[in-house]
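Look at Swiss-Prot and you will find 5-127 tagged as domain 'RNase III', backed by sequence analysis. What Swiss-Prot lists as Mg(2+) binding site is Glu40, Asp113, Glu116. The active site feature in Swiss-Prot is assigned to Asp44, Glu116. The feature domain 'DRBM' is assigned by Swiss-Prot to 154-224, with sequence analysis given as support.
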Amino acid sequence: MPPLLNALQLRLQHQFAEPALLQRAVTHRSFSADNNERLEFLGDSVLNLAISSLLYQRLSSMPEGDLSRVRANLVKEGTLHQIALRLQLPDLLRLGEGESKSGGKQRPSILADAVEALIGAVYLDAGYAAGEKVVHHLFEGVDINPHMRAAEKDAKTALQEWLQGRRMKLPQYEVVATTGAAHRQTFEVACAIAELQLQARGTGASRRAAEQTAATAMLELLKARHA
């Protein structure tokens with residue numbers, strides 16, 4: 001294994017049984033068809049579950065809505081970007097020439113996606129317990145306290161709380177299209193609420209941004225329907 005990847009293992013505190021997973025986790029789609037997008041998808045779910053469990057234990061008296069808001073603050077792009085910098089991911093990312101020249105190695109969305117991909121890679125390599133352990137390690141330096149609930153709600157959190165307040169299932173987000181050059185992509189995401197047979201779409205320069213736009217559009221639909 002290359003020395004830089006071996007050093008990343010040490011920072012993650014996880015030794016990979018399948019080193020190819022680690023290599024894939026730091027490979028952007030602009031570099032290869034064997035890239036980290038599917039790992040990112042998996043890691044997003046592992047991250048949310050691990051953080052949910054952590055908050056449930058640490059903030060035992062906090063109501064559900066506030067827990068959702070704290071979690072949204074913890075797993076947002078800005079937090080994951082800071083974790084990526086601590087892991088020194090800009091030195092490790094494999095990007096296509098165009099993406100690299102356009103500053104992709106410093107782009108917060110790409111770095112945040114790589115953190116999720118690493119979590120997904122650990123999960124595939126050794127299971128959920130190992131993935132949860134790595135998540136807890138990565139968030140050791142992140143402040144987790146009840147005051148985070150006072151932060152402004154983003155659209156996804158607001159939509160989730162609206163549905164939970166009516167005992168409805170959470171919305172499903174799906175990337176339905178990706179357009180543009182690898183270094184300047186636009187993502188289109190569909191947000192669906194099956195119980196209401198509603199769907200809204202949004203676009204953005206990253207999956208996260210597109211999900212927020214789709215959630216905003218869905219909130220507008222709900223507002224119009226329930227006005």
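Placed from the backbone N, Cα and C atoms, the Cβ positions cover glycine too.
Fair warning: this is a prediction, and the values are worked out from it, not measured in the lab.
The structure, with features from Swiss-Prot marked on it.
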| residue | record | Cβ within 10 Å |
| --- | --- | --- |
| Glu40 | Mg(2+) binding site | 22 |
| Asp44 | active site | 19 |
| Asp113 | Mg(2+) binding site | 29 |
| Glu116 | Mg(2+) binding site | 26 |
Could you put numbers on the helix, strand and coil content of the domain 'RNase III' (5-127), residue by residue per DSSP?
88 helix, 2 strand, 33 coil
Taking the Cα atoms as reference points, how far is Asp44 (active site) from Glu116 (Mg(2+) binding site) in Å?
6
Suppose you look only at the domain 'DRBM' (154-224); what would the mean pLDDT be?
90
For the Mg(2+) site built from Glu40, Asp113, Glu116, further residues of that chain with CB within 8 A of the site's CB center:
Asn36, Glu37, Leu39, Phe41, Gly43, Asp44, Ala112, Ala114, Val115, Ala117, Gly120, Arg207
